[in-house]
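Visitor: In case it helps, Swiss-Prot gives these features for our protein:
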BINDING   G34, P35, S36, G37, C38, G39, K40, T41  ATP binding site
DOMAIN    2-229  domain 'ABC transporter'
Amino acid sequence: MLQISHLYADYGGKPALEDINLTLESGELLVVLGPSGCGKTTLLNLIAGFVPYQHGSIQLAGKRIEGPGAERGVVFQNEGLLPWRNVQDNVAFGLQLAGIEKMQRLEIAHQMLKKVGLEGAEKRYIWQLSDGQRQRVGIARALAANPQLLLLDEPFGALDAFTRDQMQTLLLKLWQETGKQVLLITHDIEEAVFMATELVLLSSGPGRVLERLRLNFARRFVAGESSRSIKSDPQFIAMREYVLSRVFEQREAFS
């Protein structure tokens with residue numbers, strides 16, 4: 001379980017997050033949404049251990065987070081892949097740094113690529129892949145170390161609508177299959193409503209928890225309902241419009 005208590009953080013000398021209290025249970029998919037500058041990415045970087053926080057605590061499985069760790073896998077919008085390595089070696093890179101024996105890490109990489117639909121692409125290079133395929137490699141790399149918690153920072157923001165829909169459904173299937181805790185940062189309201197089992201709305205900076213919503217659209221998808229059917233459901237449309245109105249309230253209040 002991820003537990004965040006009374007978290008305060010600065011960014012560039014200014015308050016970025018203020019009194020954040022969140023819990024992410026095992027098997028849940030938490031989505032954080034808010035206007036630009038609300039501290040979404042700062043929150044992910046704090047959980048990942050990339051930057052320090054000023055007050056409060058972040059704990060995963062009862063252990064305080066004070067730096068990066070293999071129990072947290074991170075996927076970025078710009079992937080951060082190594083262009084001089086092939087796909088398989090990119091996925092296996094973290095395992096290599098951890099001292100995993102070569103044959104074992106290549107087998108793990110193969111299995112992760114199979115999970116994300118890139119079996120057979122092991123020897124291709126990053127420049128030979130589409131944007132969506134590169135994000136699949138990034139997800140496979142993050143999963144290779146078998147983390148307890150998967151963190152994703154607007155991973156589909158630069159993708160076209162069709163590819164973004166494919167990646168959303170892939171991530172939900174992986175979430176169901178692995179049972180991992182997932183925390184997704186996004187600025188896309190429809191994506192947030194579709195994918196979250198719990199949706200957290202942040203206020204304009206400094207970010208505070210404005211509202212928490214329990215949603216069931218992601219569970220309906222993994223139970224077999226199509227994404228098209230879900231997104232055309234009046235309940236989904238109403239929730240999307242409600243969340244949109246809350247985000248616009250924050251934009252107007254601080255404009």
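Just so you know, glycine gets a Cβ as well, placed from its N, Cα and C.
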Visitor: For G34, G37, listed as binding-site residues, tell me which one has the smallest number of other Cβ atoms within 10 Å.
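Guide: Sparsest of the binding-site residues G34, G37 by Cβ contacts within 10 Å: G37.
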Visitor: Among the binding-site residues P35, G39, which residue has the fewest other Cβ atoms within 10 Å of its own Cβ?
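Guide: Comparing Cβ neighbours within 10 Å for the binding-site residues P35, G39, P35 has the fewest.
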Visitor: Using a 10 Å cut-off on CB atoms, tell me which of the binding-site residues S36, T41 is the least crowded.
Guide: S36
Visitor: Compute the centroid of the Cβ atoms of G34, P35, S36, G37, C38, G39, K40, T41, then list the same-chain residues not in that set whose Cβ lies within 8 Å of it, in sequence order, for the ATP site.
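Guide: Output for this site, in sequence order: H187, L202, S204, G205, G207.
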Visitor: Starting from the Cβ of K40 (ATP binding site), draw a 10 Å sphere and report how many other Cβ atoms land inside it.
Guide: 23
Visitor: If I take every residue in the domain 'ABC transporter' (2-229) and average their pLDDT values, what number comes out?
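Guide: Across the residues of the domain 'ABC transporter' (2-229) the model's pLDDT averages 93 on the 0 to 100 scale.
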